[in-house]
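Below is one structure, written out as structure tokens; the observations come after it.
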Ligand code: ADP
Ligand code: ADP
Ligand code: ZN
């Protein structure tokens, strides 16, 4: 099974991808996570991407498509893939079709998480993750059960992203509207798009995703 989670920054793609990974042993392929790892490691890709990401603009199609191809090659052929934050442009969507076909894979579902833009700034500015295992949290909407301790791994260090500020979010939303939302018709033409209400409670969103995957 190969699925794309599509939605603006803060829609809940990463949150839901982590849940599907735990339930189904699928693999989350987040180009944002891959790029942040490259920035941290100081690779040539990271050096090129850092300033672009801090501005909230899109990194080049060639860079992200190469990251995705490498990651798929490192996975078992039978492991399902959840694409989170990729593709983000029509050129990336076309590349993904080729990348998958070359590996004997095909897309099963493109799931759009619909959200009100007004809610996104609050979601993004309250977002943080466990520095040890990467589990996502939110200041208001998903706090650790024991304050200061990660539910999943017991870690006590947390981190916030430099681009998760109100100003950069506006640019990221504009990028989504201008470049990413227009790829939906490309997938609608293939008859594989489902829409889920991303404003619902996290568990209800997960239930909606599960029922799509079961079909
Ligand atoms: P994305 O990967 O689409 O950018 P995230 O999954 O990181 O979004 O979610 C952004 C923030 O909003 C996180 O802090 C997360 O805990 C929170 N969040 C995710 N889904 C919901 C939801 N359905 N209701 C309320 N908050 C949510
Ligand atoms: P979110 O889901 O919260 O918008 P991501 O972690 O997916 O954030 O992406 C963070 C940043 O990394 C983006 O604003 C962009 O600069 C870069 N990026 C991630 N994925 C892509 C992609 N597929 N194409 C171009 N740039 C990307
Ligand atoms: Zn943790």
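Cβ from N, Cα, C; glycine included.
Annotated in TrEMBL:
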- 10, 11, 12, 13, 14, 15, 127, 200: ATP binding site (BINDING)
- 30-59: region 'NMP' (REGION)
- 31, 36, 57, 58, 59, 85, 86, 87, 88, 92, 161, 172: AMP binding site (BINDING)
- 127-163: domain 'Adenylate kinase active site lid' (DOMAIN)
- 130, 133, 150, 153: Zn(2+) binding site (BINDING)
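TrEMBL feature annotations superimposed on the structure.
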residue	record	Cβ neighbours (10 Å)
10	ATP binding site	26
11	ATP binding site	23
14	ATP binding site	22
15	ATP binding site	24
57	AMP binding site	14
86	AMP binding site	24
88	AMP binding site	20
127	ATP binding site	20
130	Zn(2+) binding site	21
133	Zn(2+) binding site	13
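Annotated pair residue 13 (ATP binding site) and residue 130 (Zn(2+) binding site), C-alpha to C-alpha distance, rounded: 17 Å.
Proximity to ligand 1 (Cβ under 6 Å from any of its atoms) holds for these binding-site residues out of 12, 13, 14, 15, 88, 150: 12, 13, 14, 15. Checking each of the binding-site residues (12, 14, 127, 200) against residue 161 (AMP binding site), the C-alpha distance stays within 10 Å for 127.
Each of the binding-site residues 59, 150, 153, 200 was scored by the other Cβ atoms within 10 Å of its Cβ; the lowest score goes to 153. Sparsest Cβ environment among the binding-site residues 12, 13, 31, 161 (other Cβ atoms counted within 10 Å): 161. Mapped onto three states, the DSSP output places residue 130 (Zn(2+) binding site) in strand. Checking the binding-site residues 11, 130, 133, 150, 153, 200 for a CB within less than 6 Å of any atom of ligand 3 leaves 130, 133, 150, 153, listed in sequence order. Rounded to a whole number, the C-alpha distance linking residue 150 (Zn(2+) binding site) with residue 127 (ATP binding site) is 14 angstrom.
Checking the binding-site residues 12, 15, 31, 59, 130, 153 against ligand 2, the ones whose Cβ sits under 6 Å from it are 31, 59. Confidence for the domain 'Adenylate kinase active site lid' (127-163), expressed as mean pLDDT, is 97. With helix defined as DSSP H, G or I and strand as E or B, the region 'NMP' (30-59) counts 23 helix, 1 strand, 6 coil. According to DSSP, residue 12 (ATP binding site) sits in a coil region rather than a helix or strand.
When every Cα pair among 31, 36, 57, 58, 59, 85, 86, 87, 88, 92, 161, 172 is compared, the largest distance found for this AMP site is 24 Å. For residue 15 (ATP binding site), the nearest neighbour among the binding-site residues 57, 88, 153, judged by Cα separation, is 153.
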